[in-house]
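Contents: one structure, followed by commentary.
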Amino acid sequence: MAYEISRQQYGELYGPTTGDGIRLADTDLVLRIEKDLTAKGDEVGFGGGKVIREGMGMNARMTRDEGVVDTVITNAIIVDHTGIYKADIGIRDGLIEGIGRAGNPDVQDDIDIPVGVNTEAYAGEHTIVTAGAIDTHIHFISPDQFDTALSNGTTTFIGGGTGPADGTKATTITPGEWHIHRMIEATSDAPVNIGLLGKGHAAVPGPLKAQIRAGAIGLKIHEDWGATRSAIDTSLRVADELDVQIAIHTDTLNEYGYLEDTIKAIDHRTIHTFHTEGAGGGHAPDIIAIAGEKNVIPASTNPTLPFTKNTVDEHLDMLMVCHHLNKDIPEDVAFADSRIRGETIGVEDVLHDLGVFSITSSDSQAMGRVGEVVLRTWQVAHINKQQRGPLEGDSEGNDNNRIKRYVSKYTINPAIAHGISHLVGSVEVGKMADLVLWEPRFFGIKPKVVLKSGQAAYSEMGDSNGSIPTPQPVTYRRNWGATGAASETAAVTFVPSVALQSGVEDKLRGGRALLEARDMREITKKDLKHNAATPKIEVDPQTYQVRLDGELVEGSKPTETLPMGQKYFLF
């Protein structure tokens, strides 16, 4: 017999459903649930008097071999490039096994996710689930970055470095076969996935190919090592041959040529441009114009996101430290000053909102903050709604188009750029269960639990001597998915196909899985999700004003206050 309850009571029991809205933290952004894959009246939930019990929502006879999942997240609100919807999520063997309706197929109809004796449960009611963030601009300066990044929902690191060397402080590069092998070994117990970038500075292919065969999934070109046209062309020729990505930080000083010369050297080949606005480095003053090229995958680093009253002031000191400059040398100060333009920093926010800039990343400990990639991405979304209004197709109470655009910037798009989207980057069946669970009031700021391959790797946790898990002080701590041998099984290292074919596993110590990064050379900007716009961009060299397709762009105004800020970090 059917039983009717109010929408409010339903929400209290099972969480919001189709058409309901949820405010993201203290921002002006409101998501609206597009569909609900659970069955009204047949929902499952865990706890005393709830449905997941023997003979009810939990099957008591099926074995794991018969398809029972290892873990279920019930009634979750999924926020992903694929949509914003409610569903149960099943996890098995560290992968997403099913998204839909969980329960006991013996007593419930149309079950996609069998729940049984083998199944652990997370109560996803009133919880938002996203894919783990992928940070493509990591300086491997300190292992402490892992925990800091996990605390904001980042589960994959792509970048380079060897520790606190001056080369690493300035450039995201792990140079040469020896360093690449040592860093793969050093990160074998890291609680995040790893992908390394080698040094893309050679006049002949040999030294570059050796680094890729050693396990680098890409090469980085950086002005501090000389962003020459020869280095660009040689790296791209090798990349096209061996299927890896090229990342570039172009020549601020325009010593080796201007922006037009770099574009000519790239010659329509796919490339990932770092901090494309320019404050992080690149052709002054017009590197931002490269974001309009169809073969360019443009990214931002987070110190310029969003544009605030403090952004310009803090950049000078950051530049001096990170790029080994001397404040007593006028030329060094002039070099640093040439990279900082409030006009283009403001436009960067707008280009993110228009889907011209496609990726957000950190530039960890080297002009960026590794624990704020997700947070700052949503701050940009907020200030753009505040200053520019709803996106086309959105409204004051429905920001789904904007939300899908911004979540894609740190999940699926970096995965596509670096050839790992078949494994991570979205909440889809068959992908690694790198999932972040958020309470809506803390969305984008402090996750409830971070799962790595379906295991709890990082979570908020109360006093270990408490009689329950919640007594103060509640702090973030590693959990079982980041301890013991689980550190090697829950996370992976990405390497190119040619490295696997070359037997790189036999040259390394440690038991961590090496998975293939692939298909990086045929992609263009049109393959990126919700962020594929390619307008013609022009920069006035005197005023730094920016035009899109001939129209003057008004950048965001430097904001004085932001959501997701200090009120969340008092304790």
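Every residue number used here counts from 1 along the chain in the order it is shown.
Glycine is treated like the rest: Cβ placed from N, Cα and C.
Annotation source Swiss-Prot lists active site, proton donor at His323, citing sequence analysis. Summarising the annotation, Swiss-Prot assigns Ni(2+) 1 binding site to His137, His139, Lys220, Asp363. The Ni(2+) 2 binding site annotation in Swiss-Prot covers Lys220, His249, His275. According to Swiss-Prot, the substrate binding site annotation covers His222, on the basis of sequence analysis. Per Swiss-Prot, domain 'Urease' is recorded for 132-571. Per Swiss-Prot, N6-carboxylysine is recorded for Lys220.
His275 (Ni(2+) 2 binding site) sits 9 Å from Asp363 (Ni(2+) 1 binding site), taking the CA atoms of both as reference points. Cα separation, His139 (Ni(2+) 1 binding site) to His222 (substrate binding site), rounded: 13 Å. Around the Cβ of Lys220 (Ni(2+) 1 binding site), 28 further Cβ atoms fall within 10 Å across all displayed protein chains. The average pLDDT computed for the domain 'Urease' (132-571) is 95.
A simple way to gauge crowding: the CB of His275 (Ni(2+) 2 binding site) has 27 other CB atoms within 10 angstroms, across all the protein chains here.
Nearest to His222 (substrate binding site) in space, judged by Cα atoms and limited to the binding-site residues His137, His249, Asp363, is His249. Cβ neighbour count for His139 (Ni(2+) 1 binding site) (all protein chains, 10 Å cutoff from its Cβ): 27. Candidates His137, Lys220, Asp363 (binding-site residues) were compared with His249 (Ni(2+) 2 binding site); those inside 10 Å Cα-Cα are Lys220.
On its own chain, Asp363 (Ni(2+) 1 binding site) has His137, His139, Thr172, Phe274, His275, Gly280, Thr301, Asn302, Pro303 as residues at least 6 apart in sequence with a Cβ closer than 8 Å to its own Cβ. Using a 10 Å Cβ-Cβ cutoff, His222 (substrate binding site) registers 26 neighbours.
Under DSSP, Asp363 (Ni(2+) 1 binding site) is assigned to coil, being neither helix nor strand in the three-state scheme. Within 8 Å of the centroid of the Cβ atoms of His137, His139, Lys220, Asp363, where the record puts Ni(2+) 1, the same chain has further Cβ atoms from Ile138, Gly159, Gly160, Thr171, Thr172, Phe274, Thr301, Ser361, Ser362, Ser364, Ala366, Gly368. Within the set of binding-site residues (His137, His249), the lowest number of other Cβ atoms found within 10 Å of a Cβ is recorded at His249. For the recorded Ni(2+) 2 site, residues Lys220, His249, His275 set the reference point as the centre of their Cβ atoms, and the other residues of that chain within 8 Å of it by Cβ are His137, Thr171, Thr172, Ile221, His222, Ala247, Ile248, Thr250, Thr273, Phe274, Gly280, Gly281, Gly282.
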